[in-house]
Amino acid sequence: MHTTHPLDANDPLAAKRAAFSLPDDVIYLDGNSLGVLPAHVPARMQEVVANEWGQSLIRGWNEHNWIDLPQRVGNRIARLVGAAPGTVVACDSTTINVFKVVSAALNLRPDRKVILSDSGNFPTDLYVAGGLAELLDQGHELRVVAPEDVEAAVTDELAVLMLTQVDYKTGRRHDMKALTEKAHAAGALVMWDLAHSAGAFPVDLAGANADFAVGCGYKYLNGGPGAPAFLYVAPEHKNHVRPPMTGWMGHEAPFAFDLDYKPASGVDRMRVGTPPVLSLSALDAALDVFDDVDMGDIRKKSVSLCELFIKEVEARCPDLKLVSPRNEAVRGSQVSFRFKEGYALMQALIANGVIGDFRAPDTVRFGFTPLYISHADVMGAVEKLETILADRLWDRDEFKKRQKVT
Ligand SMILES: *Cc1c(COP(=O)(O)O)cnc(C)c1O
């Protein structure tokens, strides 16, 4: 299926594809939802399970330094998102981290009651913020505006501006630096969700002066299904925030078994319970693929892949309407189109070896992950898409039956 394309000729990332274990008959445009398995991870997991767990048993916590995995993995992610060492920890899920971080942020602005977010945010972030406001029962309000209205909605009522940088559905990307500045000028704190940013393009949390961030381990970071997530606390806050979940792994000295809680110094206080060693080890190993990669190269290729895809689809599939921004500067690493029978179309594509996904009610979404996707893949995917639309191959009952996960 993979022929050649001239734009792949001088690709500095071309050799990276061999670092991944991809089925031969698949063009995978869904690394924004679940990243691909790096080829060396199974052997590493075999080692962790059979030797570290199997042989070391409880001694593994010290012998293999399992106990420090959250910081170790956190520091590796920190490099990818422009954060200083010691400000990122890998733990829990993105959803749980949103809860912890928004709660800690609200606590730093006790006289303010508004959490501002936008309707392009991923629902779980909104559910959590709304649920937290209810739980606190102190009159907090979750205010949700359209993405393009966020800037104008920043007022001095805000405690926290809570945004996802890249819209999961459309790929629209917020200006992190400008919005953070605006919120700070209004006296608010800012939390960025980097679920569709980390590993997808250069992120500069420190440069943007962000207060908090969270992100996902199983999307562009390739940590595997349900991989641990991460969170970031800026240096100026990390010794002041009050964690909402005062678990023993966030204690200053967990193994003192003190009956009184004292928060650990730094970002470690945001940890809660025992780290999931197996999944953290998989994420840790998966991050190796980024070790010798320049995020600038990733961005450059990502833009080139997305531009080619948009151009070809618009020329060859007139029934699809572009949902993503046309301007690359305000787009992440994904491209979405609208089609009335989007679900069936995506099912037909998947049956033909092109894997993307569908977001209700009518959006087909394609993620472009430059570490393992080539311009030849883009052309291969468009070819299938064109045939399926032209021949109405999607118009079959079997492609219209909704499964649990879309
Ligand atoms: C993928 C994603 C999540 C997922 O959260 P989980 O806790 O891993 O289920 C949360 N927020 C955003 C913005 C996402 O894109």
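Cβ atoms here come from the backbone N, Cα and C positions, even for glycine.
What TrEMBL records for T94, T95, F122, P123, T124, D125, T164, D193, H196, Y218, W248, T274 is pyridoxal 5'-phosphate binding site. Same-chain residues at least 6 positions away in sequence with a Cβ under 8 Å from that of T124 (pyridoxal 5'-phosphate binding site) are, in sequence order, T94, T95, V98. Reduced to three states, the DSSP call for T124 (pyridoxal 5'-phosphate binding site) is helix.
Applying an 8 A CB threshold to same-chain residues 6+ apart, the list for K219 (N6-(pyridoxal phosphate)lysine) reads G31, N32, S33, L34, G35, A195, H196, A198, G199, A200. Annotation source TrEMBL lists N6-(pyridoxal phosphate)lysine at K219.
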Listed in sequence order, the residues of the same chain lying six or more positions from F122 (pyridoxal 5'-phosphate binding site) whose CB sits under 8 Å from its CB are T164, Y168, D193, A195
Greatest Cα separation in angstrom, residues T94, T95, F122, P123, T124, D125, T164, D193, H196, Y218, W248, T274 binding pyridoxal 5'-phosphate per the record, works out to 31
